[in-house]
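**Q** Sharing a structure, written as C-alpha coordinates. Questions coming.
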(Lines of atoms letter the chains of each structure in order from A and count residues from 1; the text may use other names and numbers.)
(Lines give C-alpha, C1' and ligand atoms only; values in the text may rest on other atoms or scores of the structure.)
Protein backbone atom coordinates (compact mmCIF):
# COMPACT_ATOMS: atom_id res chain seq x y z
CA UNK A 1 0.00 0.00 0.00
CA UNK A 2 1.07 3.55 -0.61
CA UNK A 3 1.92 5.38 2.57
CA UNK A 4 0.90 8.95 3.26
CA UNK A 5 2.65 11.83 4.91
CA UNK A 6 0.26 11.77 7.84
CA UNK A 7 1.28 9.03 10.26
CA UNK A 8 -2.26 8.39 11.43
CA UNK A 9 -3.57 7.95 7.93
CA UNK A 10 -0.72 5.62 7.03
CA UNK A 11 -1.24 3.56 10.17
CA UNK A 12 -4.97 3.23 9.53
CA UNK A 13 -4.44 2.15 5.95
CA UNK A 14 -1.81 -0.42 6.84
CA UNK A 15 -3.91 -1.84 9.66
CA UNK A 16 -6.99 -2.19 7.47
CA UNK A 17 -7.31 -5.77 6.19
CA UNK A 18 -7.33 -6.25 2.45
CA UNK A 19 -10.51 -8.33 2.65
CA UNK A 20 -13.23 -8.28 5.27
CA UNK A 21 -14.52 -11.59 6.72
CA UNK A 22 -17.67 -11.41 4.60
CA UNK A 23 -15.50 -10.92 1.51
CA UNK A 24 -13.52 -14.06 2.27
CA UNK A 25 -16.72 -15.98 2.97
CA UNK A 26 -18.14 -14.79 -0.34
CA UNK A 27 -15.06 -15.99 -2.19
CA UNK A 28 -15.27 -19.40 -0.54
CA UNK A 29 -18.97 -19.71 -1.38
CA UNK A 30 -18.41 -18.68 -4.99
CA UNK A 31 -15.49 -21.07 -5.38
CA UNK A 32 -17.34 -24.06 -3.95
CA UNK A 33 -20.49 -23.21 -5.88
CA UNK A 34 -18.58 -23.04 -9.13
CA UNK A 35 -16.75 -26.33 -8.54
CA UNK A 36 -19.66 -28.36 -7.20
CA UNK A 37 -22.23 -26.72 -9.44
CA UNK A 38 -20.40 -27.37 -12.68
CA UNK A 39 -19.75 -31.01 -11.77
CA UNK A 40 -23.20 -31.73 -10.32
CA UNK A 41 -25.29 -29.89 -12.88
CA UNK A 42 -23.13 -31.12 -15.74
CA UNK A 43 -23.66 -34.70 -14.60
CA UNK A 44 -27.42 -34.22 -14.28
CA UNK A 45 -27.57 -32.63 -17.74
CA UNK A 46 -25.71 -35.56 -19.27
CA UNK A 47 -27.65 -38.32 -17.55
CA UNK A 48 -31.12 -36.75 -17.62
CA UNK A 49 -30.71 -35.34 -21.11
CA UNK A 50 -29.01 -38.28 -22.82
CA UNK A 51 -29.38 -41.46 -20.79
CA UNK A 52 -32.89 -41.17 -19.39
CA UNK A 53 -36.26 -41.44 -21.03
CA UNK A 54 -37.83 -38.03 -21.65
CA UNK A 55 -40.82 -37.40 -19.39
CA UNK A 56 -42.59 -34.28 -18.18
CA UNK A 57 -40.66 -34.33 -14.91
CA UNK A 58 -37.29 -34.75 -16.60
CA UNK A 59 -38.13 -31.81 -18.88
CA UNK A 60 -38.85 -29.57 -15.87
CA UNK A 61 -35.73 -30.50 -13.94
CA UNK A 62 -33.52 -30.62 -17.04
CA UNK A 63 -34.28 -26.98 -17.84
CA UNK A 64 -33.87 -26.03 -14.18
CA UNK A 65 -30.46 -27.71 -14.20
CA UNK A 66 -29.54 -25.90 -17.43
CA UNK A 67 -30.29 -22.53 -15.80
CA UNK A 68 -28.11 -23.47 -12.82
CA UNK A 69 -25.30 -24.69 -15.08
CA UNK A 70 -25.24 -21.40 -17.01
CA UNK A 71 -25.03 -19.49 -13.74
CA UNK A 72 -22.11 -21.65 -12.57
CA UNK A 73 -20.27 -20.94 -15.83
CA UNK A 74 -20.34 -17.22 -14.99
CA UNK A 75 -19.06 -17.61 -11.44
CA UNK A 76 -15.30 -17.70 -12.23
CA UNK A 77 -15.61 -14.18 -13.66
CA UNK A 78 -17.51 -13.01 -10.59
CA UNK A 79 -14.96 -14.60 -8.26
CA UNK A 80 -12.06 -12.96 -10.07
CA UNK A 81 -13.92 -9.64 -10.00
CA UNK A 82 -14.24 -9.89 -6.24
CA UNK A 83 -10.58 -10.85 -5.78
CA UNK A 84 -9.49 -7.94 -7.99
CA UNK A 85 -11.53 -5.61 -5.77
CA UNK A 86 -13.81 -4.26 -8.46
CA UNK A 87 -11.47 -4.20 -11.43
CA UNK A 88 -13.14 -5.64 -14.55
CA UNK A 89 -10.52 -6.81 -17.09
CA UNK A 90 -12.86 -8.74 -19.40
CA UNK A 91 -14.20 -5.97 -21.62
CA UNK A 92 -17.57 -4.42 -22.32
CA UNK A 93 -19.36 -7.46 -23.74
CA UNK A 94 -18.71 -9.66 -20.70
CA UNK A 95 -19.51 -6.68 -18.47
CA UNK A 96 -22.99 -6.85 -19.93
CA UNK A 97 -23.22 -10.63 -20.32
CA UNK A 98 -22.10 -11.99 -16.93
CA UNK A 99 -24.54 -9.99 -14.76
CA UNK A 100 -27.28 -10.77 -17.30
CA UNK A 101 -26.66 -14.51 -16.96
CA UNK A 102 -27.07 -14.35 -13.18
CA UNK A 103 -30.39 -12.54 -13.51
CA UNK A 104 -31.43 -14.93 -16.30
CA UNK A 105 -30.78 -17.81 -13.93
CA UNK A 106 -32.86 -16.19 -11.21
CA UNK A 107 -35.93 -15.61 -13.37
CA UNK A 108 -35.67 -18.91 -15.27
CA UNK A 109 -35.32 -20.84 -12.00
CA UNK A 110 -38.20 -19.16 -10.21
CA UNK A 111 -40.52 -19.44 -13.23
CA UNK A 112 -39.64 -23.12 -13.69
CA UNK A 113 -40.22 -23.79 -10.00
CA UNK A 114 -43.59 -22.07 -10.30
CA UNK A 115 -44.45 -24.28 -13.28
CA UNK A 116 -43.37 -27.38 -11.34
CA UNK A 117 -45.55 -26.32 -8.40
CA UNK A 118 -48.58 -25.84 -10.65
CA UNK A 119 -47.86 -29.20 -12.29
CA UNK A 120 -47.72 -30.91 -8.88
CA UNK A 121 -51.00 -29.29 -7.89
CA UNK A 122 -52.76 -30.38 -11.09
CA UNK A 123 -51.55 -33.96 -10.71
CA UNK A 124 -53.01 -34.15 -7.22
CA UNK A 125 -56.30 -32.36 -7.89
CA UNK A 126 -56.92 -33.22 -11.57
CA UNK A 127 -55.28 -36.60 -12.22
CA UNK A 128 -57.65 -37.63 -15.03
CA UNK A 129 -57.19 -34.31 -16.83
CA UNK A 130 -53.42 -34.70 -16.50
CA UNK A 131 -53.53 -38.17 -18.02
CA UNK A 132 -55.20 -36.70 -21.10
CA UNK A 133 -53.39 -33.38 -21.46
CA UNK A 134 -50.10 -33.56 -19.57
CA UNK A 135 -47.39 -34.47 -22.08
CA UNK A 136 -43.77 -33.81 -22.97
CA UNK A 137 -44.59 -31.47 -25.85
CA UNK A 138 -46.59 -29.17 -23.58
CA UNK A 139 -43.79 -29.19 -21.01
CA UNK A 140 -41.23 -28.18 -23.65
CA UNK A 141 -43.53 -25.39 -24.85
CA UNK A 142 -43.94 -24.04 -21.31
CA UNK A 143 -40.18 -24.19 -20.74
CA UNK A 144 -39.64 -22.28 -23.98
CA UNK A 145 -42.01 -19.55 -22.78
CA UNK A 146 -40.17 -19.45 -19.45
CA UNK A 147 -36.84 -18.85 -21.17
CA UNK A 148 -38.29 -16.11 -23.36
CA UNK A 149 -39.79 -14.26 -20.39
CA UNK A 150 -36.61 -14.70 -18.34
CA UNK A 151 -34.57 -13.34 -21.23
CA UNK A 152 -36.82 -10.28 -21.49
CA UNK A 153 -36.47 -9.67 -17.75
CA UNK A 154 -32.67 -9.59 -17.95
CA UNK A 155 -32.53 -7.27 -20.99
CA UNK A 156 -32.29 -4.11 -18.82
CA UNK A 157 -29.12 -5.49 -17.25
CA UNK A 158 -27.55 -6.02 -20.66
CA UNK A 159 -28.65 -2.59 -21.90
CA UNK A 160 -27.66 -0.48 -18.89
CA UNK A 161 -24.39 -2.15 -17.94
CA UNK A 162 -21.42 -0.13 -19.09
CA UNK A 163 -17.66 -0.10 -18.71
CA UNK A 164 -15.83 2.87 -17.22
CA UNK A 165 -12.12 3.56 -17.04
CA UNK A 166 -10.78 5.14 -13.87
CA UNK A 167 -7.01 5.49 -13.62
CA UNK A 168 -6.31 2.45 -15.75
CA UNK A 169 -8.85 0.38 -13.85
CA UNK A 170 -12.01 -0.82 -15.57
CA UNK A 171 -15.24 -0.56 -13.60
CA UNK A 172 -18.35 -2.48 -14.66
CA UNK A 173 -21.46 -0.70 -13.46
CA UNK A 174 -24.87 0.63 -14.46
CA UNK A 175 -25.08 3.70 -16.65
CA UNK A 176 -28.68 4.87 -16.70
CA UNK A 177 -28.08 8.25 -18.31
CA UNK A 178 -24.61 9.63 -18.80
CA UNK A 179 -25.89 12.97 -20.13
CA UNK A 180 -27.72 14.14 -17.03
CA UNK A 181 -26.48 15.20 -13.63
CA UNK A 182 -24.64 12.45 -11.86
CA UNK A 183 -26.40 10.49 -9.21
CA UNK A 184 -25.63 10.37 -5.54
CA UNK A 185 -25.96 6.58 -5.50
CA UNK A 186 -23.55 5.82 -8.32
CA UNK A 187 -20.22 6.35 -6.66
CA UNK A 188 -19.73 6.68 -2.93
CA UNK A 189 -16.22 6.57 -1.56
CA UNK A 190 -13.75 8.60 0.44
CA UNK A 191 -10.45 9.97 -0.80
CA UNK A 192 -7.79 10.77 1.81
CA UNK A 193 -5.51 13.63 0.86
CA UNK A 194 -1.90 14.13 2.01
CA UNK A 195 -0.81 17.12 4.00
CA UNK A 196 0.49 19.96 1.89
CA UNK A 197 1.27 23.58 2.69
CA UNK A 198 2.25 24.70 -0.78
CA UNK A 199 0.25 25.52 -3.83
CA UNK A 200 1.40 24.11 -7.14
CA UNK A 201 0.99 26.58 -9.95
CA UNK A 202 0.57 23.85 -12.51
CA UNK A 203 -1.14 20.66 -11.37
CA UNK A 204 -1.80 19.40 -7.87
CA UNK A 205 -1.62 15.64 -7.60
CA UNK A 206 -3.84 14.17 -4.90
CA UNK A 207 -2.90 10.61 -4.11
CA UNK A 208 -4.93 8.57 -1.75
CA UNK A 209 -6.92 5.49 -0.97
CA UNK A 210 -10.49 4.71 -1.71
CA UNK A 211 -12.08 3.97 1.60
CA UNK A 212 -13.16 0.35 1.85
CA UNK A 213 -16.63 1.32 2.94
CA UNK A 214 -18.49 -1.61 1.58
CA UNK A 215 -15.43 -3.80 1.29
CA UNK A 216 -14.24 -5.11 -2.04
CA UNK A 217 -16.87 -4.98 -4.65
CA UNK A 218 -20.07 -6.87 -5.06
CA UNK A 219 -19.85 -9.59 -7.67
CA UNK A 220 -22.82 -9.27 -9.41
CA UNK A 221 -25.94 -8.65 -10.62
CA UNK A 222 -26.68 -6.19 -7.88
CA UNK A 223 -28.28 -3.06 -9.15
CA UNK A 224 -25.93 -0.49 -7.73
CA UNK A 225 -22.64 -1.75 -6.65
CA UNK A 226 -20.93 -3.95 -9.14
CA UNK A 227 -19.00 -0.76 -9.06
CA UNK A 228 -16.68 1.25 -6.97
CA UNK A 229 -18.02 0.64 -3.57
CA UNK A 230 -14.76 -1.20 -3.93
CA UNK A 231 -11.39 -0.60 -2.45
CA UNK A 232 -9.49 0.83 -5.39
CA UNK A 233 -5.99 0.87 -4.06
CA UNK A 234 -3.64 3.87 -4.34
CA UNK A 235 -5.40 5.72 -7.14
CA UNK A 236 -3.91 9.09 -8.18
CA UNK A 237 -6.32 11.90 -8.93
CA UNK A 238 -5.41 15.19 -10.58
CA UNK A 239 -6.91 18.60 -10.09
CA UNK A 240 -6.94 21.21 -12.81
CA UNK A 241 -4.37 24.01 -12.46
CA UNK A 242 -6.88 26.77 -11.93
CA UNK A 243 -8.46 24.90 -9.04
CA UNK A 244 -5.32 23.97 -7.12
CA UNK A 245 -5.30 24.84 -3.46
CA UNK A 246 -3.39 24.29 -0.25
CA UNK A 247 -4.65 22.43 2.75
CA UNK A 248 -3.39 20.41 5.65
CA UNK A 249 -5.26 17.14 5.78
CA UNK A 250 -8.79 16.67 4.56
CA UNK A 251 -11.07 13.88 3.55
CA UNK A 252 -12.91 14.21 0.30
CA UNK A 253 -15.96 12.12 -0.33
CA UNK A 254 -17.30 13.00 -3.75
CA UNK A 255 -20.39 11.39 -5.22
CA UNK A 256 -20.31 11.00 -8.92
CA UNK A 257 -21.75 8.83 -11.62
CA UNK A 258 -21.81 8.81 -15.38
CA UNK A 259 -18.36 8.52 -16.89
CA UNK A 260 -15.77 9.16 -14.18
CA UNK A 261 -13.38 11.93 -15.20
CA UNK A 262 -9.63 11.58 -15.04
CA UNK A 263 -9.35 15.13 -13.71
CA UNK A 264 -11.30 16.12 -10.63
CA UNK A 265 -11.97 19.70 -9.64
CA UNK A 266 -10.89 20.34 -6.08
CA UNK A 267 -13.64 20.38 -3.48
CA UNK A 268 -16.45 20.09 -6.06
CA UNK A 269 -17.96 16.74 -6.98
CA UNK A 270 -17.52 16.12 -10.68
CA UNK A 271 -21.20 15.35 -10.95
CA UNK A 272 -22.13 18.99 -10.56
CA UNK A 273 -22.68 20.87 -13.83
CA UNK A 274 -19.69 22.60 -15.33
CA UNK A 275 -21.31 26.02 -15.28
CA UNK A 276 -21.76 25.80 -11.50
CA UNK A 277 -18.13 24.89 -11.00
CA UNK A 278 -16.91 27.74 -13.18
CA UNK A 279 -19.03 30.29 -11.38
CA UNK A 280 -17.23 29.65 -8.11
CA UNK A 281 -13.57 30.32 -7.50
CA UNK A 282 -12.21 27.38 -5.59
CA UNK A 283 -8.96 28.08 -3.80
CA UNK A 284 -7.61 28.37 -0.33
CA UNK A 285 -8.18 32.11 -0.10
CA UNK A 286 -11.82 31.81 -1.10
CA UNK A 287 -13.16 29.45 1.51
CA UNK A 288 -10.81 26.71 2.67
CA UNK A 289 -8.26 26.79 5.43
CA UNK A 290 -6.39 24.21 7.42
CA UNK A 291 -8.91 24.46 10.25
CA UNK A 292 -12.13 24.75 8.25
CA UNK A 293 -14.93 22.72 9.79
CA UNK A 294 -16.19 20.12 7.35
CA UNK A 295 -19.51 18.50 6.75
CA UNK A 296 -19.99 15.55 9.07
CA UNK A 297 -20.03 12.14 7.41
CA UNK A 298 -20.00 8.49 8.41
CA UNK A 299 -16.22 8.64 8.50
CA UNK A 300 -14.37 11.88 9.00
CA UNK A 301 -16.04 14.48 6.91
CA UNK A 302 -16.65 16.14 3.59
CA UNK A 303 -14.44 18.65 1.91
CA UNK A 304 -17.33 21.11 1.73
CA UNK A 305 -17.21 23.78 4.49
CA UNK A 306 -20.41 25.11 5.96
CA UNK A 307 -20.14 28.49 4.22
CA UNK A 308 -20.17 26.61 0.92
CA UNK A 309 -23.62 25.15 1.49
CA UNK A 310 -25.54 27.94 -0.18
CA UNK A 311 -24.02 27.29 -3.59
CA UNK A 312 -24.32 23.52 -3.89
CA UNK A 313 -26.37 21.91 -1.18
CA UNK A 314 -29.67 22.48 -2.98
CA UNK A 315 -28.47 20.72 -6.09
CA UNK A 316 -26.72 18.05 -4.03
CA UNK A 317 -30.02 17.34 -2.28
CA UNK A 318 -31.77 17.26 -5.64
CA UNK A 319 -29.33 14.62 -6.88
CA UNK A 320 -29.70 12.55 -3.70
CA UNK A 321 -32.18 10.12 -5.19
CA UNK A 322 -32.34 6.67 -6.71
CA UNK A 323 -32.51 6.65 -10.52
CA UNK A 324 -35.97 5.76 -11.79
CA UNK A 325 -34.75 2.84 -13.98
CA UNK A 326 -32.90 1.40 -11.01
CA UNK A 327 -36.01 1.67 -8.86
CA UNK A 328 -38.08 -0.02 -11.56
CA UNK A 329 -35.56 -2.84 -12.04
CA UNK A 330 -35.34 -3.59 -8.32
CA UNK A 331 -39.07 -3.51 -7.67
CA UNK A 332 -39.79 -5.63 -10.76
CA UNK A 333 -37.31 -8.26 -9.64
CA UNK A 334 -38.79 -8.31 -6.18
CA UNK A 335 -42.41 -8.60 -7.30
CA UNK A 336 -42.13 -10.67 -10.50
CA UNK A 337 -39.10 -12.71 -9.56
CA UNK A 338 -39.86 -13.37 -5.91
CA UNK A 339 -43.14 -12.35 -4.27
CA UNK A 340 -45.65 -13.46 -6.92
CA UNK A 341 -43.98 -16.86 -7.53
CA UNK A 342 -43.63 -17.33 -3.78
CA UNK A 343 -47.36 -16.85 -3.16
CA UNK A 344 -48.26 -19.12 -6.08
CA UNK A 345 -46.02 -21.87 -4.73
CA UNK A 346 -47.34 -21.50 -1.19
CA UNK A 347 -50.91 -21.83 -2.45
CA UNK A 348 -50.07 -24.82 -4.66
CA UNK A 349 -48.26 -26.80 -2.00
CA UNK A 350 -50.85 -25.93 0.63
CA UNK A 351 -53.54 -27.38 -1.65
CA UNK A 352 -51.38 -30.44 -2.25
CA UNK A 353 -50.82 -31.08 1.45
CA UNK A 354 -54.51 -30.59 2.18
CA UNK A 355 -55.46 -33.11 -0.51
CA UNK A 356 -52.78 -35.63 0.40
CA UNK A 357 -54.07 -35.82 3.95
CA UNK A 358 -57.43 -36.96 2.65
CA UNK A 359 -56.24 -39.36 -0.02
CA UNK A 360 -53.69 -42.16 -0.18
CA UNK A 361 -51.01 -41.56 -2.76
CA UNK A 362 -48.25 -43.73 -4.11
CA UNK A 363 -44.76 -43.51 -2.67
CA UNK A 364 -43.57 -42.22 -6.03
CA UNK A 365 -45.91 -39.24 -5.84
CA UNK A 366 -44.87 -38.46 -2.26
CA UNK A 367 -41.23 -38.74 -3.25
CA UNK A 368 -41.46 -36.33 -6.19
CA UNK A 369 -43.46 -33.97 -4.00
CA UNK A 370 -40.67 -33.95 -1.42
CA UNK A 371 -38.07 -33.22 -4.09
CA UNK A 372 -40.10 -30.30 -5.44
CA UNK A 373 -40.73 -28.84 -1.97
CA UNK A 374 -37.04 -29.11 -1.07
CA UNK A 375 -35.94 -27.39 -4.28
CA UNK A 376 -38.43 -24.55 -3.75
CA UNK A 377 -37.43 -24.12 -0.10
CA UNK A 378 -33.71 -23.94 -0.88
CA UNK A 379 -34.37 -21.46 -3.68
CA UNK A 380 -36.17 -19.01 -1.42
CA UNK A 381 -33.64 -19.40 1.40
CA UNK A 382 -30.83 -18.52 -1.02
CA UNK A 383 -32.56 -15.64 -2.82
CA UNK A 384 -34.33 -13.92 0.09
CA UNK A 385 -31.19 -12.07 1.31
CA UNK A 386 -30.53 -10.83 -2.23
CA UNK A 387 -33.93 -9.19 -2.58
CA UNK A 388 -33.88 -7.92 1.00
CA UNK A 389 -30.53 -6.21 0.50
CA UNK A 390 -31.73 -4.80 -2.82
CA UNK A 391 -34.71 -3.11 -1.19
CA UNK A 392 -32.65 -1.82 1.74
CA UNK A 393 -30.14 -0.27 -0.63
CA UNK A 394 -33.00 1.67 -2.21
CA UNK A 395 -34.37 3.09 1.02
CA UNK A 396 -31.31 3.57 3.23
CA UNK A 397 -28.85 6.43 3.24
CA UNK A 398 -25.41 5.08 2.24
CA UNK A 399 -23.84 7.53 4.70
CA UNK A 400 -25.70 6.01 7.64
CA UNK A 401 -24.43 3.10 9.69
CA UNK A 402 -27.27 0.93 8.38
CA UNK A 403 -26.50 1.88 4.79
CA UNK A 404 -22.82 1.03 5.23
CA UNK A 405 -23.71 -2.29 6.85
CA UNK A 406 -26.10 -3.18 4.03
CA UNK A 407 -23.51 -2.33 1.37
CA UNK A 408 -20.87 -4.39 3.15
CA UNK A 409 -23.13 -7.46 2.94
CA UNK A 410 -24.26 -6.88 -0.63
CA UNK A 411 -21.72 -9.20 -2.23
CA UNK A 412 -22.45 -11.87 0.39
CA UNK A 413 -26.14 -11.85 -0.53
CA UNK A 414 -25.25 -12.35 -4.19
CA UNK A 415 -22.85 -15.17 -3.35
CA UNK A 416 -25.64 -16.91 -1.41
CA UNK A 417 -28.01 -16.44 -4.34
CA UNK A 418 -25.45 -17.95 -6.68
CA UNK A 419 -24.96 -20.88 -4.30
CA UNK A 420 -28.49 -22.01 -5.10
CA UNK A 421 -27.13 -23.20 -8.44
CA UNK A 422 -25.18 -26.08 -6.91
CA UNK A 423 -27.73 -27.45 -4.42
CA UNK A 424 -30.32 -29.06 -6.67
CA UNK A 425 -28.28 -32.05 -7.91
CA UNK A 426 -27.58 -33.06 -4.32
CA UNK A 427 -31.23 -32.69 -3.40
CA UNK A 428 -32.16 -34.99 -6.27
CA UNK A 429 -29.72 -37.59 -4.96
CA UNK A 430 -30.54 -37.35 -1.26
CA UNK A 431 -34.34 -37.21 -1.39
CA UNK A 432 -36.86 -39.87 -2.33
CA UNK A 433 -35.38 -43.10 -1.01
CA UNK A 434 -33.13 -44.28 1.76
CA UNK A 435 -29.66 -42.80 1.33
CA UNK A 436 -27.89 -46.14 1.76
CA UNK A 437 -29.84 -47.57 -1.14
CA UNK A 438 -29.04 -44.51 -3.23
CA UNK A 439 -25.34 -44.90 -2.52
CA UNK A 440 -25.43 -48.29 -4.25
CA UNK A 441 -27.41 -47.02 -7.22
CA UNK A 442 -26.09 -45.70 -10.47
CA UNK A 443 -26.48 -42.01 -11.21
CA UNK A 444 -29.13 -42.87 -13.75
CA UNK A 445 -31.05 -44.86 -11.17
CA UNK A 446 -30.90 -42.00 -8.68
CA UNK A 447 -32.25 -39.48 -11.16
CA UNK A 448 -34.90 -41.86 -12.45
CA UNK A 449 -36.07 -42.33 -8.88
CA UNK A 450 -36.13 -38.58 -8.26
CA UNK A 451 -37.92 -37.65 -11.50
CA UNK A 452 -40.22 -40.68 -11.79
CA UNK A 453 -43.60 -40.05 -13.40
CA UNK A 454 -46.14 -40.86 -10.72
CA UNK A 455 -49.09 -41.20 -13.06
CA UNK A 456 -47.27 -43.67 -15.27
CA UNK A 457 -45.77 -45.37 -12.27
CA UNK A 458 -49.14 -45.74 -10.58
CA UNK A 459 -50.65 -47.14 -13.76
CA UNK A 460 -47.82 -49.61 -14.12
CA UNK A 461 -48.16 -50.65 -10.50
CA UNK A 462 -51.86 -51.25 -11.00
CA UNK A 463 -51.18 -53.32 -14.10
CA UNK A 464 -48.49 -55.31 -12.29
CA UNK A 465 -50.84 -56.01 -9.40
CA UNK A 466 -53.58 -57.10 -11.81
CA UNK A 467 -51.27 -59.46 -13.68
CA UNK A 468 -49.99 -60.83 -10.38
CA UNK A 469 -53.53 -61.58 -9.26
CA UNK A 470 -54.24 -63.37 -12.55
CA UNK A 471 -51.14 -65.48 -12.14
CA UNK A 472 -52.12 -66.40 -8.60
CA UNK A 473 -55.59 -67.36 -9.74
CA UNK A 474 -54.24 -69.57 -12.51
CA UNK A 475 -51.85 -71.21 -10.07
CA UNK A 476 -54.63 -71.93 -7.60
CA UNK A 477 -56.71 -73.51 -10.31
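Numbers run from 1 along the shown chain.
Including glycine, each Cβ sits where the backbone N, Cα and C put it.
Annotation source Swiss-Prot lists disulfide bond at 95-172. Summarising the annotation, Swiss-Prot assigns N-linked glycosylation site to 9, 168, 197, 201 and lists sequence analysis as the type of evidence. For 174, 184, 312, the entry in Swiss-Prot reads sulfotyrosine, with the evidence type similarity to another entry. Annotation comment: Swiss-Prot describes 452 as phosphoserine. Taken from Swiss-Prot, the feature phosphothreonine applies to 456, supported by a large-scale study or a structure entry. Positions annotated as topological domain 'Extracellular' by Swiss-Prot: 1-23, 81-96, 161-333, 394-410. Per Swiss-Prot, the feature topological domain 'Cytoplasmic' maps to 47-57, 119-139, 354-370, 432-477; the stated evidence is sequence analysis. Positions annotated as transmembrane segment by Swiss-Prot: 24-46, 58-80, 97-118, 140-160, 334-353, 371-393, 411-431.
For each listed feature, how buried is it and what is near it?
**A** Around residue 95 (disulfide bond), taking its Cβ as the centre, 23 other Cβ atoms fall within 10 Å, counting all chains.
Long-range C-beta contacts of residue 168 (N-linked glycosylation site), restricted to its own chain and to partners at least six residues apart, with a cutoff below 8 Å, are absent.
Over the topological domain 'Extracellular' (1-23) the predicted model carries a mean pLDDT of 55.
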**Q** At least three Cβ pairs under 8 Å linking the transmembrane segment (334-353) and the transmembrane segment (24-46), pairs spaced 6 or more in sequence?
**A** no
**Q** What is the number of other Cβ atoms found within 10 Å of the Cβ of residue 174 (sulfotyrosine)?
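**A** Residue 174 (sulfotyrosine) is surrounded by 25 other Cβ atoms within 10 Å.
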**Q** Might you confirm whether the transmembrane segment (371-393) is in contact with the transmembrane segment (97-118), defined here as three or more C-beta pairs under 8 A between residues 6 or more apart in sequence?
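**A** Output yes: the transmembrane segment (97-118) sits against the transmembrane segment (371-393).
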